[in-house]
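Notes follow the structure.
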Amino acid sequence: MSDLEAEKALAAKRAVDEIQDGMLVGLGTGSTANYVLKYLGKRVAAGLRITAVPTSRMTEALARELAVPLVAFGGLSSVDLTIDGADEIDQNLQAIKGGGGALLREKVIAAASARVIAVVDSSKVVRRLGRFPLPVEVFPFAAEFVGARLADLGVPVSLRLQNDDPLLTDQGNHILDVAFGVITDPQQTALAIAAIPGVAAHGLFLSEIDTIIVGRDGAVDVRHADRS
């Protein structure tokens, strides 16, 4: 296991310690979230009683393999705790997410959660967001239009592909990856993207994350958002 993978695993294990009996838990998507599921599966096997909501079909499949009890989000309005990864996160706990293609579900479940923990390795902590391309989930019929509007912001835009065809999200949408380089004003960028008709969701998570757990040098750093 590489150093970064070890950091992910360490942070994930610490995050799973936050889960208590009776909780409804949101399960993220991606490589770090898979470590969360691994440790959660062990706690469930040892007697922890929880129910979980997956943010993607991929996460759902792994949760079933690990015998983690699941419930569909469609009949719910709130979640106790969601644990997910991030592609980038800054010191203010603002993040870019959606590299795994599940940003719409991730955003909805995060918004419904009383608490959201982001679990990352040390390479994901940045001074300013934007080095990682920002995913924007769009309705397929509007992909060309939205892409043109995003390009008007003066940044490269690319349609995410899978086997030479447009990638389809679990919701049947496409993803545009926007290479900002540096996002100087995340709030204004989020507003500008959300205002484009045809956008289903963007990968800027600016106020959803309450706690970050970072694996670093064989230990974990835990930081909470300042909501004052």
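Glycine is treated like the rest: Cβ placed from N, Cα and C.
Residues or ranges marked as active site, proton acceptor by TrEMBL: Glu106. According to TrEMBL, the feature substrate binding site maps to Thr29, Gly30, Ser31, Thr32, Asp84, Gly85, Ala86, Asp87, Lys97, Gly98, Gly99, Gly100, Lys124.
Note on Gly99 (substrate binding site): other Cβ atoms within 10 Å of its Cβ, all shown chains, come to 22. Binding residues for substrate (Thr29, Gly30, Ser31, Thr32, Asp84, Gly85, Ala86, Asp87, Lys97, Gly98, Gly99, Gly100, Lys124) extend across at most 16 Å, taking the greatest CA-CA distance. Geometry remark: Ala86 (substrate binding site) versus Glu106 (active site, proton acceptor), CA distance 11 Å. Following the DSSP three-state reduction, the secondary structure of Glu106 (active site, proton acceptor) is helix. The number of other Cβ atoms within 10 Å of the Cβ belonging to Lys97 (substrate binding site), over all protein chains shown, comes to 31.
Here Glu106 (active site, proton acceptor) is positioned 8 angstrom away from Asp84 (substrate binding site), judged by their C-alpha atoms. Summary: among the binding-site residues (Thr29, Ser31), the fewest other C-beta atoms within 10 A of the C-beta are counted at Ser31.
Put simply, of the binding-site residues Thr29, Ser31, Lys124, the one whose Cα is nearest the Cα of Glu106 (active site, proton acceptor) is Thr29.
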